[in-house]
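S.K.: Can you keep this structure in mind? I'll have questions shortly.
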Ligand SMILES: C[C@@](CO)(OP(=O)(O)O)[C@H](O)COP(=O)(O)OP(=O)(O)OC[C@H]1O[C@@H](n2ccc(N)nc2=O)[C@H](O)[C@@H]1O
Ligand SMILES: Nc1ncnc2c1ncn2[C@@H]1O[C@H](COP(=O)(O)OP(=O)(O)O)[C@@H](O)[C@H]1O
């Protein structure tokens, strides 16, 4: 009997928004952002098995997300359609990243599918093409396709790789979910931050970095305000994206571990390392 081929297993890392400014609103209601995305080493892991019958199947169920709505399945079908391939794939996931927490897990899953199947199906598509296909699935997909920490503008698709410091982060999930549309619809949201250059943003550093969604999220979700205030006792704390996760940077793994253990008494907390290159790039040998 022929040996069953080993699946291709690839990471899908999380991101943090080290700072996030809202600099305007487009005609279609979407907001123009300026943000520093940093990839971190907290990951989901996806495994791919090639299928000759063209079927796309996600073999792991995910609470609250129907099979065909899953960004993993949608990304695979989108790539299949765009490339015209007759190949398919069975995909499974080891899920570690909380859903809808501002860590970009869904977008990262989609990016890993696009890059993984591009290799498995031997399509030879460029990152630019994959990012374009991914943008329709989520604003954060392109940065995960690029696979580098980056300065982002537009809705997150205009990317310039950026070299950030690589501290140890404590990331806290306060156990509630935030409605991204509700935050962006809030009349009190700051939408008129003055655009700055990437150089200016990098120069500012932790002392100046802020997230324009934070005031609105704190007002609507007192439990997030509580966690942000708690973490701020240890180091400057920030929201990532529209939350619900929040984070602070530490110089050593030990310092981060100590604070994470305290945080774990009340919330789910992780220690994660800031990166400038995605572990997906390393795994694919890019
Ligand atoms: C703002 C960020 C920063 O990373 O937040 P997080 O999702 O990571 O928390 C993301 O770009 C979010 O991207 P994503 O989560 O894909 O947003 P979507 O599902 O496309 O948008 C949900 C809704 O939020 C609003 N929205 C989203 C992004 C944006 N730049 N302007 C908006 O106004 C729109 O009303 C949209 O219908
Ligand atoms: N594979 C997936 N992983 C996570 N979320 C998914 C996935 N597929 C679809 N979703 C949907 O996308 C939403 C946003 O997910 P996620 O990217 O994890 O959060 P965020 O955009 O806040 O960082 C989830 O609430 C979920 O309904």
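Placed from the backbone N, Cα and C atoms, the Cβ positions cover glycine too.
Automated prediction, rather than curation, is the source of TrEMBL annotations.
Since we're looking at a predicted model, the values are computed, not measured.
Marked as active site by TrEMBL: 15, 140. Residues annotated as ATP binding site in TrEMBL: 98, 99, 100, 101, 102, 103, 104, 105, 106, 107, 108. Look at TrEMBL and you will find 70-148 tagged as domain 'GHMP kinase N-terminal'. Taken from TrEMBL, the feature domain 'GHMP kinase C-terminal' applies to 209-261.
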S.K.: Where the criterion is a Cβ under 6 Å from an atom of ligand 2, which of the recorded positions 15, 102, 106, 108 meet it?
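M.R.: Near the molecule: 102, 106.
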S.K.: Which binding-site residues (98, 100, 106) fall within 10 Å of residue 140 (active site) by Cα distance?
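M.R.: Neighbours among binding-site residues, in sequence order: 106.
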S.K.: Is it possible to list how many residues within the domain 'GHMP kinase C-terminal' (209-261) are helical, extended or coil according to DSSP?
M.R.: 27 helix, 9 strand, 17 coil
S.K.: Please identify, from the binding-site residues 98, 102, 106, the residue with the sparsest Cβ neighbourhood, meaning fewest other Cβ atoms within 10 angstroms.
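M.R.: Across 98, 102, 106, these binding-site residues, the one with fewest Cβ atoms within 10 Å is 98.
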S.K.: Which residues of the same chain, at least 6 positions away in sequence, have a Cβ lying under 8 Å from the Cβ of residue 108 (ATP binding site)?
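M.R.: Set apart from residue 108 (ATP binding site) by at least 6 residues yet with Cβ under 8 Å, we have 12, 13, 14, 15, 44, 97, 140, 144.
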S.K.: Would you mind pulling the DSSP three-state label for residue 106 (ATP binding site)?
M.R.: helix
S.K.: For residue 140 (active site), list the number of other Cβ atoms lying within 10 Å of its Cβ atom.
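M.R.: Around the Cβ of residue 140 (active site), 27 other Cβ atoms lie within 10 Å.
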S.K.: Based on a Cβ-to-ligand 1 distance below 6 Å, what subset of the recorded positions 15, 104, 140 would you report?
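M.R.: Cβ under 6 Å from ligand 1: 104, 140.
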S.K.: Let me know the DSSP-derived helix, strand or coil state of residue 98 (ATP binding site), please.
M.R.: coil
S.K.: Which whole number is the mean pLDDT over the domain 'GHMP kinase C-terminal' (209-261)?
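M.R.: Within the domain 'GHMP kinase C-terminal' (209-261), the model's average pLDDT equals 98.
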S.K.: Might you list, by sequence position, any residue in that chain lying six or more from residue 100 (ATP binding site) with a Cβ less than 8 Å away from its Cβ?
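M.R.: 106, 177, 178, 180, 244 - these are the non-local Cβ neighbours of residue 100 (ATP binding site), listed in sequence order.
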S.K.: Once 98, 99, 100, 101, 102, 103, 104, 105, 106, 107, 108 are set aside, which residues in the chain still have Cβ within 8 Å of the Cβ centroid of the ATP site?
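M.R.: Counting only non-site residues, the set is 14, 97.
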S.K.: Going along the chain, which residues six or more apart from residue 104 (ATP binding site) have their CB under 8 A from its CB?
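M.R.: For residue 104 (ATP binding site), the qualifying residues are 14, 15, 138, 140, 143, 144, 241.
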